[in-house]
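Record features (TrEMBL):
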- Gly277, Gln278, Pro279, Gly280, Thr281, Gly282, Thr283, Ser284: ATP binding site (BINDING)
- 519-530: compositional bias 'Low complexity' (COMPBIAS)
- 548-558: compositional bias 'Low complexity' (COMPBIAS)
- 559-571: compositional bias 'Pro residues' (COMPBIAS)
- 257-441: domain 'FtsK' (DOMAIN)
- 499-582: region 'Disordered' (REGION)
- 65-98: transmembrane segment (TRANSMEM)
Amino acid sequence: MARRPLPRILSNGGAQLARSRELARTAADGATDVLQPLITIARGLRRLASAAGRRWTETPKDRRGALLFLVASVVLVVALVPYGPLLAVVVLMAAAAWQGRDRTPPAPAVPDDSRSRRLQSLYEALVPYFSIAEDPDPLYSHGGGWEKAVPAHEFDDDGRVTHLVIRYPAYFTDGEAESRARIEHLLATKSGRGREYRFTWDEEANHLAVDVLPALPTDIAAQRFVTAPGETVLGFTDPAGVQRTLPLTHGAEQRDVPPVVWRTGVRSTEPHLLVLGQPGTGTSTLLRSIALQALHHGDLLIVDGGGTGEYACLVGRDGVLAVECGLTGALTSLEWAAAETERRLISVNRARQQGLAAPDDTRRPLWVFLDRPTAFTHLAETDGRRDPQTLLQLPLRHGRAANVTVVVADQLDALDGLTDAVRQHTRARVVLGPASVDELTTALGAPPHTTPVDQVPPGRGYARLGTGPVHRLQVPATPDPYDDATSEAHRQAVLDLLPPRTTPADGEQAPLPPEAKAEAAAEAAAEAKAVSMEKRDAPAPAPVTAGEPDGAATDAEPAGPPAAEPAPSDPVPAKAVAAETS
Ligand SMILES: Nc1ncnc2c1ncn2[C@@H]1O[C@H](COP(=O)(O)OP(=O)(O)OP(=O)(O)O)[C@@H](O)[C@H]1O
């Protein structure tokens, strides 16, 4: 039997059907576009009506009469007002259009399968670390699915991971630092380099949370921080790390930022600070920032081994006892600081033994800043002179009781060149700039819970106070105002914080207004008397009395210049000596 051809619709019907479907879809899309406003208004009216209905059912029965009366009055007023009904319709349509707008969230920028692929590759990478051959029901196995192992995940708009929760088997050695470090390194690499991640290990639940940390603000300029006496802001950190925030001025706006606050003085458990960093990472800037804050309540002595004049803006300022860049000046000033610490200590102990409060002349904080002391160590060695660091022993050991705070900054690789006393007594630590996990662990005494990155802005690093947690840190921009590369706003911010200059660098008296001259003359006479008194009562290394803190008797440094030392060419600043008696 001859075959009869199929009707046309059935022979090439597939193509025709597809074309008609396409046509119908285009027509429907066009109609939807044209009718979109009507659809929106209808949807809005429906939502308004259901809201009104809900309101009616929620209203208690005894109040419904009042509500009805209110609605009726509104309707009556609208009806009586000229153009009232028209206006009411316009308002109703506008409200319906607003209510009816499409509120479905926009589709994610990254398609789901690309996320899946990323998570699958992460999962595969973790298999060798989170599985053993003996496990009868492994959570991680080659070819397995990531869904059970990664119960929570978030991505940013670029499709990169921002948050992950990873489950791991109970036999994984999460208590061992090396095992953790291996996983953290792997996850940081697989989730995208160049970003900082925080890892939170929940050992009880066998969960690891991975979070990408946002960059810390680098635009905070030096300013007067709202802190109590004895508190110093080292910089700013993540909100999760600390419990308080500081109100800051940022141009015209105000904002609250979580600070890393270091407490000094008699109650401090970390009375001295060590700042380490590669060259150019902002260690001198941090010291300048601390010095500007210290000047509000105390006196300071600066010894700069870097010799680049980064503290020139502080020379002669009220409260700045000396800024020394040379070895001789450094030795003289630090000898004075050691003697002053001893004097304060003896004075405090005497008062305590008599049952009295600490004398006033021991209460004003004295700050000793040493920038790059190891530079002096080499210089002293070649000159056959004393290493200035050795003069820090007394201020470091007994500074807390005597209200003397020591801040030392040096390069990261110079840690071994610092004396034992410096390393033992500087329990507040800061590391700035790029550093490996090992370097950070050595300098801070604990590894950070985040992944250090190679590229960081100046002033970025980590801080740890005593045995506390390691915080990420960004130091406020406190540039040298005499540096040409400094922006005008930052320069002005630093200049605004500087106290008036009362003693010019050349040692001459600063010009005073006529009315202040008589007062200054009287002060000068008193100062001269103080200096002569000081010379008479020269702070001999007095034997330490019974109530002395530990080891003072053995650690006491000779206050006078060492025998091998040539007579210092720069005298101890008169103002510094006067501070002893003031
Ligand atoms: N917190 C910060 N915010 C903005 N810029 C900073 C910050 N800290 C440092 N800088 C800039 O980085 C540069 C180097 O800073 P600084 O001199 O303090 O570093 P350093 O570690 O002391 O270097 P060096 O050892 O060479 O003296 C300067 O130009 C400084 O203005």
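Glycine is treated like the rest: Cβ placed from N, Cα and C.
Listed in chain order, the extra residues whose Cβ falls within 8 Å of the Cβ center of the ATP site residues Gly277, Gln278, Pro279, Gly280, Thr281, Gly282, Thr283, Ser284 are Gln411, Leu432, Gly433, Pro458. Close to ligand 1, meaning a Cβ under 6 Å from one of its atoms, are these of the binding-site residues Gly277, Gln278, Pro279, Gly280, Thr281: Gly277, Pro279, Gly280, Thr281. Scoring each of the binding-site residues (Gln278, Thr281, Thr283, Ser284) by how many neighbouring Cβ atoms lie within 10 Å, the top position goes to Thr283. Spatially close to Gly282 (ATP binding site) yet at least six residues away along the chain are Leu432, Gly433, Pro458, Gly459, Arg460, Gly461, Val475, judged by Cβ distances under 8 angstroms. By a simple count of nearby Cβ atoms, those within 10 Å, the most crowded of the binding-site residues Gly277, Pro279, Gly280 is Gly277. In the three-state DSSP assignment, the secondary structure recorded for Gly277 (ATP binding site) is strand.
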